[in-house]
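Visitor: Straight from TrEMBL, here's the annotation block:
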| type | residues | note |
| --- | --- | --- |
| DOMAIN | A:11-101 | domain 'Aspartate carbamoyltransferase regulatory subunit N-terminal' |
| DOMAIN | A:106-152 | domain 'Aspartate carbamoyltransferase regulatory subunit C-terminal' |
| BINDING | A:C113, A:C118, A:C141, A:C144 | Zn(2+) binding site |
Amino acid sequence: MKDNNKKKLKLKVSAIKDGTVIDHIPTQNLFKVISILGLDKIENQITFGANLESGKLGSKAIIKVSDRFFEDDEINKIALIAPHAKLNIIRDYEVAEKKVVGVPKEITGIVKCFNPKCITNHEKMTTRFRVVATSPIALRCKYCEKHTVGDQIKML
Amino acid sequence: MKRDLISITDYSKDEYLEIMKLAAEFEKNPNQNLLEGKVVASLFFEPSTRTRLSFETAISRLGGRIIGIADPGSSSTSKGETLHDTIKMVSNYADLIVMRHSLEGAARYAAEVSPVPVINAGDGANQHPTQTLLDMYSILKTQGSLDNINIFMVGDLKYGRTVHSLLMAMSEFENPIFNFIAPPELQMPAEYKMFLREKGIRFFEHREFTDIISEADIIYMTRVQKERFSDPIEYEQVKNVYILRNEMLAKTKPNLKILHPLPRVNEIHTDVDKNEKAYYFTQALNGVYTREAIISHIMNLK
């Protein structure tokens, strides 16, 4: 049964020659990951799958991007919405390197400050947070200085 | 690089002391034409008579000229202009911006937008650093030191930004002791207590005034506001518990001073006013000297 699923998965998401595979993305955050990484604005070949079975997440999504490789600080931007994401860097159909996502020290944009009286919720401006704790994640707003913690974290 | 004053923690202990030193100089000689030829914008997007008058007095005594907004209803903000655009425009006109805003973080954002220095005169419930510096100046002046001070903070310790900032600032000095007197709904937030624990600073919590105030060097009173209570009955139960009366001061230390950021409603009975330990009106006057000191420090005038 398990082998069958694996075969099906392979059929659904074709292999790439060179590029990056981002696996173990929570399905509900797939499009946010695409947007945060700017994959909706590039011309590379991209295949993605959603609602795939995953032991860890229940349901997961996967993205395969041809000829695109990410710097650590680029990929760390998705830490808040896909903390368990794993990256396989593919060269000539082989996994050349594996990477995991790390929580960055600072978060610029992406997240909304949960304080309704924060200036960032009233002006057209970029939010900025310092990560003050990682489990659960706690973000200190640079502007109102309040902490946005765990479930309070909402994406913009 | 320009210098702003947005949060009390933007400044180091040395800078606090530098500002205290300058404030003492301005107290001796308040009228100094250091801001001659300069224009200071006083932007009160949220009305605050006391703070605005104090700043404008400080600017006037330094010989500066003031442009500004005192009535937000008539300002460009009410026409829908963004804070960004208002600050961009005003920073073209003025050499310094003093601002108060009801939104938290507004001053930090203004400082990013503005090429001229910004002084935060209060941003919502977040910060009011010039109040903290004038509180410190009042403590230094009356106690002779900022070390070894036993401070009692009374009233609304949950939402009171002045007590939070004062706690942070005084923790930079040697051996402070904090005593918190507040109703259960308005206790000092856990994050500040954790901060004190991590620094190894002693603090004690009380539900009401007792003889313990005989140990106080400073009693810092704040207003317990009805709108802070989810249950009006609880407010009725506590509203008279946190009122300081003259008879309660009988056994207190001779060096004790009573501070209050003002406005007072009823939390300090008027019979305390004639007691020489009442210091809140002088504290307000100290605000002018401290603000002269802060402006001079930021503008590199001294």
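Using the three backbone atoms N, Cα and C, a Cβ is placed for every residue, glycine included.
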Visitor: Identify, in sequence order, the residues in the chain of A:C141 (Zn(2+) binding site) that are 6 or more apart from it along the sequence and have a CB within less than 8 Å of its CB; answer 'none' if there are none.
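Guide: Listed in sequence order, they are A:C113, A:N115, A:C118, A:T120, A:T127, A:R128, A:F129, A:H147, A:T148.
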Visitor: When DSSP states are grouped into helix, strand and coil, how many residues of the domain 'Aspartate carbamoyltransferase regulatory subunit C-terminal' (A:106-152) land in each?
Guide: 6 helix, 21 strand, 20 coil
Visitor: Can you tell me how the residues of the domain 'Aspartate carbamoyltransferase regulatory subunit N-terminal' (A:11-101) break down into helix, strand and coil by DSSP?
Guide: 22 helix, 39 strand, 30 coil
Visitor: Specify the count of other C-beta atoms within 10 Å of the C-beta of A:C118 (Zn(2+) binding site).
Guide: 26
Visitor: Give me the long-range Cβ neighbours of A:C144 (Zn(2+) binding site): same chain, 6+ apart, Cβ under 8 Å, in sequence order.
Guide: A:C113, A:N115, A:K117, A:C118, A:I119, A:T120
Visitor: Using all protein chains in view, find how many other C-beta atoms are within 10 Å of the C-beta of A:C113 (Zn(2+) binding site).
Guide: 28
